[in-house]
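Encoded as structure tokens, the structure appears first; notes follow it.
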Protein chains: 2
Amino acid sequence: MKPGLRVALLGCGVVGTEVVRLLNEQAADLAARVGTPLELAGIAVRRPERVREGVDRSLLTTDAQALVTRDDVDIVIEVIGGIEPARTLMLEAMKSGKSVITANKALLAEDGATLFAAAREYGADLYYEASVAGAIPLLRPLRESLVGDHVNRVLGIVNGTTNYILDQMDTNGAGFNEALEEAQALGYAEADPTADVEGFDAAAKAAILAQLAFHTPVTAANVHREGITEVSAADVAGAQGMDCVVKLLAICERVPSKDGRNGRGVSVRVYPAMIPRSHPLASVREAYNAVFVEAESAGSLMFYGAGAGGAPTASAVLGDLVAVARNVAGGTPGPVEVTYAKLPVLPMGETVTRYYIQLDVADEAGVLATVAEEFARHDVSIQAVRQVGMGEEAQLVVVTHRAPDAALSATVEGLRGLEIVREVASVMRVEGDV
Amino acid sequence: MKPGLRVALLGCGVVGTEVVRLLNEQAADLAARVGTPLELAGIAVRRPERVREGVDRSLLTTDAQALVTRDDVDIVIEVIGGIEPARTLMLEAMKSGKSVITANKALLAEDGATLFAAAREYGADLYYEASVAGAIPLLRPLRESLVGDHVNRVLGIVNGTTNYILDQMDTNGAGFNEALEEAQALGYAEADPTADVEGFDAAAKAAILAQLAFHTPVTAANVHREGITEVSAADVAGAQGMDCVVKLLAICERVPSKDGRNGRGVSVRVYPAMIPRSHPLASVREAYNAVFVEAESAGSLMFYGAGAGGAPTASAVLGDLVAVARNVAGGTPGPVEVTYAKLPVLPMGETVTRYYIQLDVADEAGVLATVAEEFARHDVSIQAVRQVGMGEEAQLVVVTHRAPDAALSATVEGLRGLEIVREVASVMRVEGDV
């Protein structure tokens, strides 16, 4: 057997501790699969005095900088999270010839380009399966298995917290605040839930997925983002009336041009939307994640599993570690991210979507004609319209055909200005065939 | 750019034609991803005179033997299927230093060991994503992403034909023969449906999955196999009464020993079984495939998609081709199958399962006591028993706890011999928590 490979770990919280446990427990298996043993060379932490079960204290150091450039380190695993010092440490590691594995979605979504460029420049591996959808093997299939295919669309539930909240609202008729409190009590949501419920977490993952699927640079700032804080019990009930369910979706789409299939750009967005209950994503319950991929030849694929948690994330890190270790041992780096397509990210207004709109309307003749006229004025065509309730309680439910989002949102503004519309009770985008 | 890599294709039927189409259409994309262009060097066919749209006739040859050993060929793609001449051709190719991509589940399940040994001996790549579950990236995740984890169970719907038939039976209350005829009329089932409905196809895939998941040699002959021809409308109705659905499942399980987690062996089996409607596999409709994987750290994962068809299979072949081409260009072969665990495959009788049993019983006192005694005699404990109907129509529905399959099947034999049991109307295994 060849001499062993030495691994440095940056960060030793929930995920890091699990990584250490798996490295120890599965040492024999890992050695068999890599062809050489893996050994922990050091663990950089901020507070070495903290008790970490199963972690050899002699490996701990507070000098991460020194650790990542040490001559006896071959591979660096980063599970600190956040932008700095993670970015500097990973760049230093690659510059000193180490390959890097990271679970850092925020950094990849904000400044992946710098990291990918460094990987290319220094011939280092940069693997990051754990950054999206926890243990679900998703990036590797997109990056490698579907590499001979043409991905047209990625549609995913990539945030477990919001899926748990929306699932509770759907199941129990709970309102958003009530469901959030329950999620917090059960540990599914943090005390400050902003990153989850406002869609920041999902947007970072959408950027990473779009970049991989379309070989095009996309950052979190390019992602149109709407959270779930405004989703009401009425929205969820309206979805149920359509045999739909509300999910926070991350959507990455290739937008076709009229002549070439590479398209005129990509659309990357995160928002709550209705999808039909018959869609495979509709049955994703609780805090599970799932990502639906539409490829030209492969057709529709779905990947489902736990999207977060120490053990699932550590499992993804270990999968990457085996691949990287094999590459290092063999002297050949793995595939580097390529963004050769360089498609523009289209603004939300140009993205084609469908709306579900629920209106409280006055109880008088000609209401439907006036409403229909407002849609026509914006060139939005109506797929179905239905009156619910009578008299003072009368509501109109309208589902549109596909139209540019700008036209749809202008229509909603127009409706708000109509005298016969007492209130726009619910507006929600619709994905999938209803 | 480096000089191009040359690819030989063996077989040019439905899948082969799609592979040629993708190689031509995506030439630029493929070159960008591999780092060097890929070129078709030749296509071995039996009948060159046949019309194949989009295939350059000057590439056709009937001498497959000569093609796979040609000096100007780097990679061989085998989509002929069957045992011979596919095996000899692949062995010759690897012996001459070519790497091989195959979609041949029958051969891998019968004699994968010979192929894997040749790959190791000659330092060749042997990739076979397309052999199981069409375009669903499944083998690569098992082989690579989950390689740092510990897979305990693989539970899959890996045959689209039987899933279509069972789905029709569940939806329309159709009997097996009626549903089979419809599947044949729609092209989901072949004129001779034996390989599908008797579970041979699923068993071959189960062998491949078990081998990968448990690093243990498993052939199709080791797989316990029962088809769906005996599944009746009554069985399906019985499942519905339990809020279950009947699926043909391929199950690969690590059987734990009392002390070590590597276990005393593996159980690999294919049979129709009830699973709860709440299980993610239950919602897999029509001819779709899905594979559920339970791993120690990653938790439950599911992979879903089209399991067959020319384009999906070709997509999987192309994904493998990019990986292999990258390995060949870089001079480092990919991971070779390792069967270091060498766990024994346990006989079906020792496998622990659960039964659902429906009995037509005599209308007299003491029936339940007599039936319960028969279960006790075989050490099988009952989870639930329920009487359905009255008088002449009386039926007992029994669901057992988990017990060795031999004890369960002996119990059924015993029940058949009881005077008060007029008929054992339905016997079916149960998977998942009901």
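Glycine is treated like the rest: Cβ placed from N, Cα and C.
TrEMBL does not curate its annotations; it predicts them automatically.
Taken from TrEMBL as is:
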type     : residues                                                               : note
ACT_SITE : A:Lys205                                                               : active site, proton donor
BINDING  : A:Leu10, A:Gly11, A:Cys12, A:Gly13, A:Val14, A:Val15, A:Gly16, A:Thr17 : NADP(+) binding site
BINDING  : A:Lys105                                                               : NADPH binding site
DOMAIN   : A:356-429                                                              : domain 'ACT'
**Prompt:** For the domain 'ACT' (A:356-429), what's the model's average pLDDT?
**Reply:** 93
**Message:** Can you tell me the CA-to-CA distance separating the residue listed as 'NADPH binding site' and A:Val15 (NADP(+) binding site), as a whole number of Å?
**Reply:** 14
**Message:** I'd like the Cβ neighbour count for A:Thr17 (NADP(+) binding site), meaning other Cβ atoms within 10 Å of its Cβ, all protein chains included.
**Reply:** 20
**Request:** Please work out the number of neighbouring Cβ atoms within 10 Å of the Cβ of A:Lys105 (NADPH binding site), leaving out its own Cβ.
**Result:** 24
**Message:** Measuring Cα to Cα, how many Å separate A:Gly11 (NADP(+) binding site) from A:Lys205 (active site, proton donor)?
**Reply:** 21
**Request:** Inside 10 Å of the Cβ of the residue listed as 'active site, proton donor', count up the other Cβ atoms and send me the figure.
**Result:** 28
**Prompt:** If you draw a 10 Å sphere on the Cβ of A:Gly16 (NADP(+) binding site), how many other Cβ atoms land inside?
**Reply:** 26
**Distance from A:Leu10 (NADP(+) binding site) back to A:Lys205 (active site, proton donor), taken between C-alpha atoms, in Å** = 22
**Fill in**
Minimal Cβ count within 10 Å, across the binding-site residues A:Leu10, A:Cys12, A:Val14, A:Val15, points to A:Val14
**Residue distribution over DSSP helix, strand and coil in the domain 'ACT' (A:356-429)** = 26 helix, 30 strand, 18 coil
**Request:** If we count other C-beta atoms within 10 Å, could you say which of the binding-site residues A:Gly11, A:Gly13 has the fewest?
**Result:** A:Gly13
